[in-house]
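**Q** Annotation source Swiss-Prot lists ATP binding site at 46, 47, 48, 49, 50, 51, 52, 53, 160, 189, 211. According to Swiss-Prot, the Mg(2+) binding site annotation covers 52, 165, on the basis of sequence analysis. Per Swiss-Prot, deamido-NAD(+) binding site is recorded for 140, 173, 180, 260, 261, and the stated evidence type is sequence analysis.
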């Protein structure tokens, strides 16, 4: 088995999907979790305005609505959380996403004070924080906030990790990489777009240039520039297609370099890192 085949197997990506079928798979997955753990009464998700959180958010809202209808339990809620750092340049995109998702509850928590406070405390201790590391603090602060909200709403936190992101490790460890459920796992970027189109999303949501937008020195830096490879190549790779040697080498290098992000903390019984 080639490394490409091993990765595809681990990520569970299909070369061809039926968007309607995959929507149902994700919705049922979320509902099954609520049925298994009846004390969980909500799903919580941070909404950025991009493709991934828009899709995960809409799937969660559908699952919650179906649970309310099937159980007659009105306490089930989906909580969408806006988590801007100061003034978000693409706030219009975030509002467009919320209009599409139609969440039961919509909150806005500005993380700037918390992040700047952490950076100031580190500086006071003699630790200089780089722009890159500050970006990771932002991602982790957003997850701290989501878990605080989930604690108040008897909720589980959703993540937006998907195959095209997971394969490159393009997420912050214990930041956006930390969640309870991943309804998009197994889908690559173009497949996520297909699901959004099926759900009737405004094309502006899934045609938006993907960006983590964590570094202040590189505002709005496109994912593809940061990674050095296109999502089209990543999607082709995860679907088992032949891509250029250069793109393949970059993707597999990211996979190997970020392997630690796909595991729980390493114990003496783990050998994947050796």
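Glycine is no exception: its Cβ is also placed from the backbone N, Cα and C atoms.
Because the structure is a prediction, the values reported are computed rather than measured.
Each of the listed features needs to be described in terms of its position in the shown structure.
**A** Its own atom aside, the Cβ of residue 50 (ATP binding site) has 22 Cβ atoms within 10 angstroms in the protein chains shown.
Counting Cβ atoms from all protein chains shown, residue 165 (Mg(2+) binding site) has 26 others lying within 10 Å of its own Cβ.
Within 10 Å of the C-beta of residue 140 (deamido-NAD(+) binding site) there are 20 other C-beta atoms, taking all protein chains into account. Secondary structure from DSSP puts residue 140 (deamido-NAD(+) binding site) in a helix.
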**Q** Of the binding-site residues 173, 180, 260, 261, which one sits closest to residue 46 (ATP binding site) when you measure Cα to Cα?
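**A** Answer for the nearest of the binding-site residues: 180.
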**Q** Near residue 48 (ATP binding site), which residues of its chain come within a Cβ-Cβ distance under 8 Å, counting only those 6 or more away in sequence?
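**A** Listed in sequence order, they are 83, 93, 94, 97.
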**Q** Starting from the Cβ of residue 173 (deamido-NAD(+) binding site), draw a 10 Å sphere and report how many other Cβ atoms land inside it.
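**A** Looking across every protein chain shown, the total is 15.
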**Q** Round to the nearest Å and give the CA-to-CA distance linking residue 160 (ATP binding site) with residue 180 (deamido-NAD(+) binding site).
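**A** Just about 11 Å between their Cα atoms.
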**Q** How far is it from residue 165 (Mg(2+) binding site) to residue 211 (ATP binding site), counting Cα to Cα, in Å?
**A** 12
**Q** Taking the Cβ of residue 261 (deamido-NAD(+) binding site) as the reference point, list residues of the same chain whose Cβ is under 8 angstroms away and which are at least six residues distant in sequence.
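**A** For residue 261 (deamido-NAD(+) binding site), the qualifying residues are 169, 171, 173, 177.
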